[in-house]
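Starting off with a structure, shown below.
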Amino acid sequence: MEHLCGPKLKFWEPNQTLYTDSPDLSECFQLSVLSWIPCIYLWLASPFYILYLKRNNKGYIMMSILNRVKTVFGFILWIVCWADLFSSLHEWQQGHSKPPIYFVTPLVVGMTMLLATFLIQFERLRGVQSSGVLFMFWALSILCAIVPFRSKIIQATEKEVTDKLRFTTFYIYFGLTLAELILSCFNEKPPLFSSVVSDPNPCPETNAGFISTVTFWWFTSMAIKGFRSPLEAKDLWSLNKQDSSDVVVPQLLKEWNVEKSKAQRYALPVPGSETNHVGVAPEEVEVLLSKQKKSHQPSFLRALLRAFGPYFLIGSAFKLVQDLITFVNPQLLSMLISFTKQKGAPSWWGFTLAFLMFGSALLQTLILHHHFQYCFVTGMKLRTAIIGAIYRKSLVITNAAKRSSTVGEVVNLMSVDAQRFMDLTTFLNMLWSAPLQIVLALFFLWQNLGPSVLAGVAVMILLIPFNAVIAMKTRAYQVEQMEYKDARIKLMNEILNGIKVLKLYAWEISFKEKVLQIRQKELNVLRKTAYLSALSIMAWTSAPFLVALTTFAVYVTVDENNVLDAEKAFVSLALFNILRFPLNMLPQVISSIVQAGVSLKRIQSFLCHDELDPDSIDRKPTASEYAVTVVNGKFSWAKEDPATLHNINVMVPQGSLLAVVGHVGCGKSSLVAALLGEMEKLEGQISVRVCWRSHILTRGSVAYVPQQAWIQNATLRDNILFGKPYDERKYRCILEACALTPDLEVLPGGDLTEIGEKGINLSGGQRQRVSLARALYSEADIYLLDDPLSAVDAHVAKHIFDHVIGPEGELSGKTRILVTHGISFLPQVDNILVMVEGRVSEMGSYQDLLKQNGAFAEFLRNYSLEDIIEDDEVTEVLLDEEESFPDDALSNHTDMVDNEPVVNEARRQFMRQLSSMSMDPENPKTRSVRRRRCSERRPGEPPQEKKDQKVEKLIQAETTETGRVKFKVYWEYAKAVGPLLSVCICFLYACQNAAAIGANIWLSQWTNDAQLNRTEENVQMRVGVYAALGISQGALILANCLLCRAYSMLKAAHTTHLNMLHAILRAPQGFFEATPTGRVLNRFSKDVDTIDTLIPDNIDIWMRTFWYTVNVLLICSALTPMFLIVIVPLMMFYWWVQRFYVATSRQLKRLESVSRSPIYSHFSETVTGTSVIRAYGRNEAFVLMSDMKVDENQKSYYPGIVSNRWLGVRIEFIGNCIVLFAALFAVIGKDKLNPGLVGLSVSYALQVTMSLNWMVRMTSDLESNIVAVERVKEYSETPTEAPWEVENKKPPHDWPAQGNVEFVDYSVRYREGLDLVLRNLSLKVKGGEKIGIVGRTGAGKSSMTLCLFRLLEAAGGEITIDGVKIAEIGLHDLRSKLTIIPQEPVLFSGTLRMNLDPFDKYNDEEVWKALELSHLHKFVSNQPAQLNVECSEGGENLSVGQRQLVCLARALLRKTRILILDEATAAIDLETDDLIQSTIRTQFEDCTVFTIAHRLNTIMDYTRVLVLDKGQIAEFDTPTNLIAQKGIFYGMAKDAGLA
């Protein structure tokens, strides 16, 4: 330096700088080091920066005033610097020689200013709106110029300014640099043509300035908006381009394809090695090849790393810097403590240290949160990419592959496994960062305390296995708890689905007991978990203390000379606190890596599945007269399966109609699948081609109608259009042709009605017709129709054949291949192909095949029986079991919506209703007339909108709470826990913290012994008391956790669930019709789970952090009372930030969870319909839809991540301020404080940021979760039905003895505000009479039976049974004395015995007797478990007929005087029906029987028949009299062919 500055100017003068109250730096130091630092930074950074800008061009920004001013200032700065240079040259010429530094520095600084000016322009051309590099440069320049700024002023005040020119230029330089710094805080306009300009709601991050980006200030606008009013989906910003599916998924797929092609290269056998295979059996070659294949599977991990690794590494770099800065503060703390010991030290040292601590903490905060931001965004990209890749793959995998992974498994890959990767990215850096932190911490500790550190480390290491064992046990318990929870939810689901049956049979109590048994087991497991978690929390909280205790005790006792002073003690404590985090994280990270590894394997194996070969079918257009040709085809469903179709030769001429017939399972549908390319082609050729159409060759397009219609969850219209543009006339014509127009009138919103998942609110026939309409609308060339007529009614089938498929239909002239069972249409087709056992047995026209008298003629003989039965009854036979309701029922009863509101009561009811009307003996003539009337409407006229109001009122939208949670809810929870206990728990938390403070204050007293040289005599006592305080803290924590978790909060969980269960079972039937099952189940699963596990966790952490924060503030204020002045504004700011954050983040969480389920439901829908999507060539469109749904979800997830960063930066800023003020006040009051107390207050303050952060998070979580208490409470207060038993009104034990039933002027309605369903019924029935009840749909037949059971309460009048008014007795007393055989048999999962007799009232003998009478004896006695045979959920493992017989057996067991029979419909075959009827006639001979009849022949021998019409009695007499009267009943009997 002497060469540069000359002999006169000293470079470093300690007396002038350090040991003085007014420090200053020497002129040489100012001119050299301070001036060069910013220049060196800029010259080092610019090459990389320029390279980066060359690569990333964002567009061109127009020259703005801001830009011009910055550039001009840059030039002036350069001129100012060179003015100095020229003045030095001038002086040199004059002979006043200056040291070289006066030439070098202006030259260097001037060049740097030119570089900065160049960068300003270059950034503008590259579209950079705000420059971080230049901002840092200007900030550094100002920082370095502050020292000369001060010293020049001091010089000027003390003595005259000699060098006026340099004095002036410096202040101009300083002013301009400051101006540049301020200007670089402002943003340029966005580049021309950038997406920001066109985007309606762009993310402000894209054009946020440098400071805004660093501090996440750009998020504030959303926080404010969320605070003012709850956020909605429209308030969310668009996703950044680089995070969207369009960019992210192709990135991954590109790398994955590279991996796959590598693997294939390895898998190919080496040329020349084939000679060895001569004469080897092909199977062996296969084996050899598969061995080679296995060794080289493409690695999905490598693809992920290559796609997203570089971005993630930026985050890792941040983490590395942050780890190193973490260790700066303990060192500064030790300097601060030693500073307070020195009495004569200048006080500016202390202030410098305080501000350095603040600065390093601030830097650490910013760097840490940017590291998190990078990690979370990487996680988000991973999830998007993985979901995208899986979705794209699922559209092309073969059927064999589909078999190996079910829809549920694949949805799990998307949800669970993708989520695991997302979670892993946040912690992945801990894998190298934790060991690094541990090593550094140990190094500094060793320096501080020497080998006695090892004692502390040993304790830490011993705690690791302890925690690991607890974690393993906890996980096992969690699995067990999940099993119980699943069992409980499954049972609840059954109870809710069969609630009507439970009420009719008065079985609620039995089922309530079953639920409570499971719940008790679940709570027992939770209690065990609570014991474990109490232990682990104790270990985790006492760990730092135990470590400190052992270390200090060993340190003091090992050697007499070892003195524990404040510096050693508190610096060690700070370092131990740093150690705590990595030691705890490591086991978690490792287990989460193991889980992600499992997920990786699963995803990789799914992505390696075989894909369908798109070239297996030749689709090239040629001039051929055949549209479809198959030559020597041999097909199987999977490569390894035996062939399903052999030796297939088919040629279908252009424009002809080919019918494919054959017995069940002969391969008809497989043939269609083969033509679609869905099967593996083992031999032969297929071509699907198209004719010359006006001499232009078009590629053959195919439309496909599958056997089971595939319906999307979209509007009816979207299902038909299927992505094609809407054309009103064509659309209306197609609706007519497919007989859908009448159905639209019944649907609440016409063709804009939202169809539920899997078409739940359409009947089977309607689904099939929608599927057909979709095919028609697509205007393809070749139509593959897989048995579209089986699900529809005979009349409709005829209509569709005539108007769509047949020679006169819409499709005449197109090539059609129709699989069918309907023989009546065969004479009208061009060719018939007969399949037998996977081969084509004959093919030809109808006449030809009849002459041959081969398989076809036999097929006709088998099937024609059904066609002989009259049209009306075809329905009964053709109906498949699942489609227990023909669609016509819907189209005919357009009036039912108004008459019987129960139709709309819920989808379930709707379905029941349907099945009840399907057999309505209605005149076919009236049907067709009505149909014709519908058809006459002009195609252009949209169907009239139905009366919507009734439909919409039924299922009320679920109430969601928005805004702040009311205090009342917390009070509710406190009441459930017990108010006294709650206070007690809070008090215990305070005690445990008092113990912790005590221990630390004791430590600070202990360290002060060192100054007073009183160390030897007190060692034993000091260590002893310290240990006692610490151990009592541990004991208090343990006691508290046990009291809080294992007792009181479980008690709360138990009572809340019990109250809700009780209320739900007591709720009236109307409640279940107006509330979807899913909603009630959600309360029982998610909300109860929240109360069981999440809320106790939240409260625990919240209490701990709250008291910790209170401790810090108390200690700091007690030591330096001035601290109180600062607390108030800091806490105000804290409260303010927290309010903003909680409001916004709560709403963002809700939006995120709402937008998540559509991804998975759309996916599972797609998987079930892949063959349809592929047939219509809509892969791309569906991929786009999936991507949109994922992006929509990420749109709410991304602000959620940022909201946490935004909060973190602000809260930690408050924490850093607390550190700053604690240190400052310690410096100010250092004469009054001893070093121990300074150490105590500052080391406490260093820990506070963490707890402040957690406190806000927990407040937010607690607010989100405590709502569960409110939701559960809402259902616990459901209005109940009448009491189950009324003590003083109990009927006599043998009531009803006769079975006389009397209705007196009886009226009823479904719910308040609806019309009456039954009006003023009056009738008397004597005991033992058999009454048939008939009437059109909506006449009130079912309602009448419901009234007997009081599922509906009277609106007027009364019913008496044997002289007892049923309205006065308890519901169970009433319902247990009546028996009903309901229309649809409901069974519960459990044993058959339980299904017959849940209360164990009857002995086995009686049960077997009932089974014998109900014709189930043979079936049950053949089962190995006999009476204990398990019924699956809903009785799925029994046929519908058997289920109906089980219901009959129930009735036989109860054998009450009054039996109500809601007759079963198409669900059950005629044979079973006759069995039931005959049993009832013999067994219930002396009982009163009411039968709601659909088949009149069953009630022709009854005592009397009651005909209801519009809720009133139309006719009531013996069947013979009624027929003679020629009234309504006669009309019905005539239609049924009985009169």
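Placement of Cβ uses the backbone N, Cα and C atoms for every residue, glycine included.
Sharing the record's features from TrEMBL:
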| type | residues | note |
| --- | --- | --- |
| TRANSMEM | 33-52 | transmembrane segment |
| TRANSMEM | 132-150 | transmembrane segment |
| TRANSMEM | 170-186 | transmembrane segment |
| TRANSMEM | 303-328 | transmembrane segment |
| DOMAIN | 313-595 | domain 'ABC transmembrane type-1' |
| TRANSMEM | 348-368 | transmembrane segment |
| TRANSMEM | 452-472 | transmembrane segment |
| TRANSMEM | 529-558 | transmembrane segment |
| TRANSMEM | 570-594 | transmembrane segment |
| DOMAIN | 628-862 | domain 'ABC transporter' |
| REGION | 913-951 | region 'Disordered' |
| COMPBIAS | 936-951 | compositional bias 'Basic and acidic residues' |
| TRANSMEM | 976-1003 | transmembrane segment |
| DOMAIN | 985-1264 | domain 'ABC transmembrane type-1' |
| TRANSMEM | 1112-1137 | transmembrane segment |
| TRANSMEM | 1207-1229 | transmembrane segment |
| TRANSMEM | 1236-1256 | transmembrane segment |
| DOMAIN | 1301-1535 | domain 'ABC transporter' |
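Give me the local environment of each listed feature.
Sequence-distant contacts of the transmembrane segment (33-52) (same chain, at least 6 residues past either end, Cβ-Cβ under 8 Å): 25, 105, 108-109, 111-112, 115-116, 119, 122, 133, 136-137, 140-141, 144-145, 147-148.
Within the same chain, residues 24-25, 30, 34-35, 37-38, 41-42, 45-46, 49, 116, 119-120, 123, 170-171, 173-174, 177-178, 180-181, 184-185, 210-211, 213-214 sit at least 6 positions outside the transmembrane segment (132-150) and bring their C-beta atoms closer than 8 Å to a C-beta of that stretch.
Tertiary proximity for the transmembrane segment (170-186) is limited to same-chain residues at least six positions away from its ends with a CB under 8 Å from its CB atoms, namely 66, 69-70, 73-74, 76-77, 80-81, 116, 130-131, 134-135, 138-139, 141-142, 145, 148-149, 152, 209-211.
Only residues 6 or more beyond the boundaries of the transmembrane segment (303-328), in the same chain, are considered here, and those with a CB under 8 A from a CB of the stretch are 251-252, 254-256, 258-259, 360, 363-364, 367-368, 370-375, 377-378, 381-382, 385, 421, 425, 428-429, 433, 436-437, 440-441, 444, 575, 578.
Here the transmembrane segment (348-368) has Cβ contacts under 8 Å with residues 21, 23, 214-215, 318-319, 321-322, 325-326, 328-329, 332-333, 335-336, 339-340, 1208-1209, 1212-1213, 1215-1217, 1219-1220, 1223-1224, 1226-1227, 1230, 1242, 1246, 1249 of the same chain, all six or more residues outside its ends.
A Cβ distance under 8 Å defines the sequence-distant neighbours of the transmembrane segment (452-472), meaning residues of its chain 6+ beyond its ends; these are 442, 445-446, 532, 535-536, 539-540, 543, 546-548, 550-551, 553-555, 558, 562, 576, 579, 583-584, 587, 591.
Beyond the ends of the transmembrane segment (529-558), by six or more residues, the same chain brings 449-450, 452-453, 455-460, 463, 466-467, 470-471, 473-474, 477-478, 481, 564, 568-569, 572-573, 576-577, 579-580, 584, 996, 999, 1003, 1015, 1019, 1022-1023, 1026-1027, 1030, 1033-1034, 1037-1038, 1041-1042, 1045-1046, 1050, 1096, 1100, 1104 to within a C-beta distance below 8 angstroms of the stretch.
Residues 326-327, 329-331, 333-334, 337, 420, 423-424, 427-428, 430-431, 433-435, 437-438, 441-442, 444-445, 448-449, 456, 460, 463-464, 467-468, 471, 540, 543-544, 547-548, 551-552, 1003-1004, 1007, 1236, 1239-1240, 1242-1243, 1246-1247 of the same chain sit 6 or more residues outside the transmembrane segment (570-594) yet have a Cβ under 8 Å from a Cβ within it.
On the 0 to 100 pLDDT scale, the domain 'ABC transporter' (628-862) averages 82 in this prediction.
Residues of the same chain lying 6 or more positions beyond the ends of the transmembrane segment (976-1003) and with a Cβ under 8 Å from any Cβ of it are 545, 548, 552, 569, 573, 1022, 1025-1026, 1029-1030, 1032-1033, 1036-1037, 1039-1040, 1043-1044, 1048-1049, 1051-1052, 1055-1056, 1103-1104, 1107-1108, 1110-1111, 1114-1115, 1236, 1240, 1244, 1269.
Nonlocal intrachain contacts for the transmembrane segment (1112-1137), taken as residues 6+ away from its ends with a CB within less than 8 angstroms of a stretch CB, comprise 997, 1207, 1210-1211, 1214, 1217-1218, 1221-1222, 1225-1226, 1228-1229, 1233, 1237-1238, 1240-1241, 1244-1245, 1247-1248, 1251-1252, 1256.
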